[in-house]
Amino acid sequence: MSIILGIDPGSRVTGYGVIRQTGRHLEYLGSGAIRTQVEDLPTRLKRIYAGVTEIITQFQPDMFAIEQVFMAKNADSALKLGQARGTAIVAAVNHDLPVFEYAARLVKQTVVGIGSADKVQVQEMVTRILKLSDKPQTDAADALAIAITHAHSIQHSLHIANSVKMTETQEKMTALLKTRYSRGRFRLKI
């Protein structure tokens, strides 16, 4: 069982979503947005840090997943986004959480099945996947999608690890049987 905190960073609105993963089962724990209405960037970053810290304290997540920076048309916007993202990551690291990063395109591909999905499609699929009665706000839905992507990544990694272990076990058994058969310990009955 793991509790995953997903973050959709923004300098004005930072979405968050928290889920619990038990095997393949995902359970919604909470979501929302940290809104920073002040004008100066340092105060916004301070509020993002405080907000993420409060969420970590409240939900006690085991893992922290965040969207990677994408290339924006406006360099100033990209820099502010990077600073907001860094602030959220520092809050996670200060609580000894492992940090995982996912590209927006991968998140959309994982949750919707299309890497170019829009916010409404992501919102709809998050609502279905987590069996929510109401649609979360778009920033929270994006953060939940990031958490879902991380949960999917964990499942995929476990599947691969189990496959590797199974292959190694099969190889060891085959080698053992070949050794014993060649020594005459086993006889094939036909």
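For all residues, glycine too, the Cβ spot is worked out from N, Cα and C.
Fair warning: this is a prediction, and the values are worked out from it, not measured in the lab.
According to Swiss-Prot:
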type	residues	note
ACT_SITE	ASP8	active site
ACT_SITE	GLU67	active site
ACT_SITE	ASP139	active site
BINDING	ASP8, ASP139	Mg(2+) 1 binding site
BINDING	GLU67	Mg(2+) 2 binding site
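Neighbour density for ASP139 (active site): within 10 A of its CB lie 25 other CB atoms from the protein chains shown. Secondary structure from DSSP puts ASP139 (active site) in a helix.
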